[in-house]
Structures are given as structure tokens and as C-alpha cells.
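Straight from Swiss-Prot, the features:
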- Ser173: active site, nucleophile (ACT_SITE)
- Asp342: active site (ACT_SITE)
- His375: active site (ACT_SITE)
- Arg243, Asp376: substrate binding site (BINDING)
- 67-381: domain 'AB hydrolase-1' (DOMAIN)
- Arg344: site 'Important for acyl-CoA specificity' (SITE)
Amino acid sequence: MTTPVPVPNGGPAPAAVPAAAEPGSVGIVTPQLIRFDTPLPLASGQSLQSYELAVETYGTLNAGRTNAVLVCHALNASHHVAGLAADDPNDVGWWDNMVGPGKPLDTNRFFVIGVNNLGSCFGSTGPASINPATGHPWGAAFPVLTVEDWVHAQARLADHFGIERFAAVMGGSLGGMQALSWAITCPERVAHCIVIASTPRLSAQNIGFNEVARRAIITDPDFHGGDYYAHNTVPRRGLSVARMIGHITYLSDDDMAEKFGRTQREPAEGGAYRYGYDVEFEVESYLRYQGEKFSRYFDANTYLLITRALDYFDPARGTGGDLARALKPAQADFLLVSFSTDWRFPPERSREIVRALLKNGSPVTYAEIDAPHGHDAFLLDDARYHAVVRGYYERIARELGLDEPAAGAAPAAAEPACAEGCAA
């Protein structure tokens, strides 16, 4: 059984989102917390007996329930995809420039769902939630999750809304991995799969970045083995360093050079160095600021959990490394977008997915955008990038006969249509 209740929004906007809502915003939005009481089996062999998902929706679900789009979030984002949070008008959705009336993903035509993943810290059940077996926060005892676990939880959310098949599942970065997993795991439930700035698996270098970030957190004296809640403390130093490491990988070398170069923060007289170990350069000040800000709102155990889910994602692992064979179950049409200066998930990784899809005869559209902003480009305004996404959704709208805005709300189903997996 599922039960929706309103909850305060807990998802602050990441650094790359705009400071104010874009024209054509969906306006003020209030999230819901939807409870699931059917146990969710996990890839680890464990299960969650019950759990809650924080959700926001935009637009209107049409009578046939055919115009739904699921937006999957990246590492530090949340269900707050678009609009202004009801409890904080300064909290703008992390993809507000993409989702809304008249925007590339047009909420005048599509019913858009944003969901906070299990294990996160913005409302859905996660390490900071109360473990019903103990009456205390889960902490380190919260199960390790995979991208596939998230997809199974999201499929139950689709059941809650009575959605048998999504018009599209869309995501950038880790969100793109979820979209790809949807196409493999629940092929009959995805008409279009939109994968942006993503990869079919993490490289050794990327796993290395994640491990260094995790070690920074775990070795913080305030971590207390993951049970820092009981000690009324937070491993802020480790979490701050983890964010600094991650933030470097989200920006391109050229972008950092243009933003900061070798500009000194507060040089000594005549521009001399100060010959110390405090902040000397502007880039150091920026990274410290980003790290400290992040450590004030993100949960350290969630950071460990999500980076490990990133590490584990590898759909071709079960097919001897043959990505085409791993993608063979997919029935969706695909759009892939990459960015020229993204060195975290470079264009070659998207092209690898494209080649595998073409080998299978899957319909695929691919765009490589020449943009200077690195991995974070998928969050930013870029006319060429947005034109590609807009054009693709125009095609979906034509296929569904959505030339006019959706009319007549279809109420969400009171009970899930299925209890397990992806069967509608």
C-alpha cells in the first residue's frame, strides 16, 4: 500500500543552478512523501521492509496516462527538479532551466515526476532516517544500494501513479545511468530513454576519485563509524574535502582557467606570495566555500552510499563486458547527449553506448555539444543543447498526439499496480 503526505522540501539547489526561477517556471511546488509498505528486495540480498520516497510533480497526467516523464537526479540533487520550493522561495529546482511551461521538457504537455532516491538525505528513506527495528537512525547499518535498486523503487512509484509506460525516462550523469538501467530492467515501461553526460560504467580513475572522497569522510574523527548522529556531530571536514574533490571533476580545465586562473585571493604588497598554507589563490577559496557549504546540508553516509552505487553500475558486467548484449532487452528509442569538455564522463563513453545500440538496431539520436563547462554543462543554459532536447520532446509529443496542452487530470492510483519489479 502507498500513502502520500506533504513534506517540507529538503533539497537545496546545487551550485550550477540559476539563482532565480527561469521565465515560465512551474511556480511554487510542494513535495509529497509517499510510503511503501511492501518489502523491497535489494541487490545486496538485504531488503527494506518499508520506505518512503519524496516526490514532486509538474504538469498534468492525461486521461490515458501516456504523457508521464520521469526525471532521475545526479549525486547531490533531489526530487526538487523545477520551480520554487514552498518552504523556501529562494530554493530553485536544480533543472529549472530544462523543465517547465514552454521549456525543453514542456509541462504544458508532459506530466513530469521528480523523485529523491532511496538512501538520499532530502526526504526519502536513507541513513539519517529512523530504523524501525532500533528506534535510532540507520547510520552505517543502512543497506548499500545500486542503481538497479533505485529503478525498482521508482517502478513502484510509477505503479502508484497508475503509469504503465513512461513517455520518457531522462537523467544527467548518475541520472543518465538510471535512465539507461530503466531501459534494460523495465524495457516495456520506457518509450524513450534520454541519457545526458553519462557513462555505461565508471572508469578506474572515477572509482579512484570516489574512493579518495570516501576516505576523507571515513577518516574524519567525527565520523564515528557512520553513527555520528548518536554523537550529535557531523564529519564536516571530511565531507567538505570530498565535495572539493568532486567539484574539481565537474569543471573543465579551461573553465577553471577562465574563472580563476592563477589569481591570488589577497596578495601581499606588490602581489607577493604570503608564503603560508592558508588560501593563496582564488580557486582555493572557491573550493573551500563549496566544500563548507555542501557539508552544511548533505549527509556523509548518503555520500558514501551514492558514490558506491556509482562504482557498482556496470550493466555489461553480467554479459562478459558486451554492452550491446546488455542493452539487447531495451525497447526504447534513445537520445544521448555529451559535452566536449566533460572529462568526468567524456563523449567517448556516450559514443560507446551509441555504438552498442546501433549494433542492436535500436533507434538512437546522438548529439555532442561543444561547450566549455565540463561535466556541469548538462545543468546549464546552452541554446544548442536545449534545442536538441526540445526537438526530441517535440517528436515525442507528436507521437503521442500532444500538440495541445494536456487536459483533464488523471488522479493517482490509490494502490500500486504491482508489488515487484517492473511489471505494470
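Quick reminder: no glycine exception, Cβ is built from N, Cα and C everywhere.
Cβ crowding, taken as the number of other Cβ atoms within 10 Å, peaks at Asp342 among the recorded positions Asp342, Asp376.
There are 26 other Cβ atoms within 10 Å of the Cβ belonging to the residue listed as 'active site, nucleophile'. In this structure, the CA atom of Arg344 (site 'Important for acyl-CoA specificity') is 6 Å away from the CA atom of His375 (active site). Counting in whole angstrom, His375 (active site) lies 15 from Arg243 (substrate binding site) by their C-alpha atoms. Taken residue by residue with DSSP, Asp342 (active site) is part of neither helix nor strand, so it is coil.
Between the CA atoms of Asp376 (substrate binding site) and Ser173 (active site, nucleophile) there is a gap of 9 Å. Per-residue confidence over the domain 'AB hydrolase-1' (67-381) averages 97 (mean pLDDT, predicted model). Over all protein chains present, the Cβ of Arg243 (substrate binding site) has 24 other Cβ atoms lying within 10 Å. Over all protein chains present, the Cβ of His375 (active site) has 24 other Cβ atoms lying within 10 Å. Arg243 (substrate binding site) sits 18 Å from Asp342 (active site), taking the Cα positions as reference.
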